[in-house]
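One structure is given below, encoded as structure tokens.
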Number of protein chains: 2
Amino acid sequence: MSHTEYPPFAVTADLVVLTIREDALCALLVRRAADPFAGCWALPGGFVGEDEDTDAAARRELEEETGLADGTVHLEQLASYGAPGRDPRMRVVTIAYLALAPDLPAPTAGSDAADARWWPVEELLADPGRLAFDHHRILSDGVARARAMPENATVFCRPEFTVAELRRACEVVMGTPLDPRNFHRKVTGRPGFLAPTGTMTTRDGGRPARLYRRSLVSRSSQSSDDFSTAPVR
Amino acid sequence: MSHTEYPPFAVTADLVVLTIREDALCALLVRRAADPFAGCWALPGGFVGEDEDTDAAARRELEEETGLADGTVHLEQLASYGAPGRDPRMRVVTIAYLALAPDLPAPTAGSDAADARWWPVEELLADPGRLAFDHHRILSDGVARARAMPENATVFCRPEFTVAELRRACEVVMGTPLDPRNFHRKVTGRPGFLAPTGTMTTRDGGRPARLYRRSLVSRSSQSSDDFSTAPVR
DNA sequence: TCAATAGTGTCTGTTAGACAGTATTTA
DNA sequence: TAAATACTGTCTAACAGACACTATTGA
């Protein structure tokens with residue numbers, strides 16, 4: 001580019017927020033109050049501020065939408081979407097973020113959202129026309145990413161959780177049943193992955209189970225393989 | 001955002017183009033002709049056109065810079081970079097792409113580049129102040145991504161290549177020596193990964209080796225594990 | 001002949017996954 | 001006691017990695 005003229009873009013940070021509710025992977029959607037797509041369900045998000053880092057904008061939107069402090073949530077960049085015409089008003093580039101959150105109370109409707117609620121992703125993915133803009137595609141990409149990293153299923157659990165609870169979270173994310181005994185061995189045998197609290201609980205019934213907390217050991221030292229203990233077809 | 005006002009951004013598509021030259025992983029850089037950072041080396045790239053898809057802009061820049069037709073090159077989105085102040089002139093959001101290319105003739109200087117050449121990434125990564133803007137960080141992210149997917153090392157090879165040539169490409173990408181025999185068994189034993197051409201070559205010396213072509217079988221059916229046959233320290 | 005590289009076979013330790021069996025709670 | 005869940009042990013098939021060995025070229 002040899003001269004200083006560049007077309008102006010609007011930039012938004014949009015969120016694929018996933019959680020587990022009633023044994024189903026769910027995504028947070030808001031119902032749009034204004035045109036375009038007024039009344040339609042869409043991913044939460046919004047325009048990036050003039051002096052705002054795009055990552056910071058994502059964190060801000062996340063907190064506005066869920067009320068969640070950072071640290072409880074896993075937040076990472078997903079991808080960018082910049083096809084012309086994806087917003088009928090103007091040229092918009094969207095930077096999508098993937099957020100994995102523990103189960104939350106009913107979400108609060110934001111200022112520009114008529115409504116906000118959790119939807120099972122299976123239902124959403126089955127109907128490509130349900131979401132505004134190209135949000136179906138973004139959601140689909142986000143769910144695929146989440147499924148590819150079941151190691152992060154700990155963020156779907158309470159701060160202190162049992163191995164069985166973590167296993168059920170993994171099962172929901174992956175969509176496959178896992179062998180409880182192999183899962184237990186694998187997950188407890190990985191050094192630095194789970195930190196035992198020393199306490200027990202009987203909230204799952206049966207014999208009391210040890211409670212664990214997510215370990216704070218640096219993630220870099222761990223291989224990123226999953227817990228696939230799928231019992232095969 | 002309840003009203004229709006959005007700060008304007010410029011959007012660029014920048015490229016981390018990697019190839020292998022003389023057994024070293026190299027990145028394509030251009031020397032900037034204009035301010036800011038005039039005379040400094042930077043990633044190739046440029047502003048996204050008013051009616052241009054961001055992905056298309058990346059492909060266009062790639063072809064302008066390397067003269068390569070699509071199909072010979074592996075191109076994928078890397079990440080977005082949108083911190084305020086990363087371009088001193090104005091607010092710019094950069095969508096970075098990772099391109100893996102076979103060895104190419106000396107690159108042609110573009111219209112806005114005073115010069116263009118390949119640099120060993122090791123040298124570039126060792127000096128964080130060498131590149132313009134935040135391009136050191138982007139390059140670093142791109143190299144990390146490339147190292148994480150040695151399955152794609154075939155794009156660094158000629159259209160028809162031997163197992164040894166593919167192995168050397170993998171070794172360069174991963175930075176580790178690989179056992180030739182185990183590598184051979186693993187790579188030829190993976191169904192649908194390599195397509196034998198039926199011809200042989202002696203260009204590597206010694207006993208003639210079979211030539212292979214990258215197989216066109218859908219990638220989705222393959223597990224994404226690597227070829228790590230590292231002989232350990 | 002030797003040197004170099006291609007390609008195959010074989011062994012060993014680790015791991016995934018299947019599943020038996022024991023332990024500890026509530027009803 | 002039975003039912004439920006937690007946890008441990010063991011077996012097997014597959015696989016990674018180490019390395020011996022044979023095959024086929026050029027010098």
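Just so you know, glycine gets a Cβ as well, placed from its N, Cα and C.
For B:7-145, the entry in TrEMBL reads domain 'Nudix hydrolase'. The region 'Disordered' feature in TrEMBL is assigned to B:189-208.
Helix first, then strand, then coil: DSSP counts for the region 'Disordered' (B:189-208) stand at 1 helix, 8 strand, 11 coil.
Model confidence over the domain 'Nudix hydrolase' (B:7-145) is summarised by a mean pLDDT of 92. DSSP states for the domain 'Nudix hydrolase' (B:7-145), grouped as helix (H, G, I), strand (E, B) and coil, give 29 helix, 53 strand, 57 coil.
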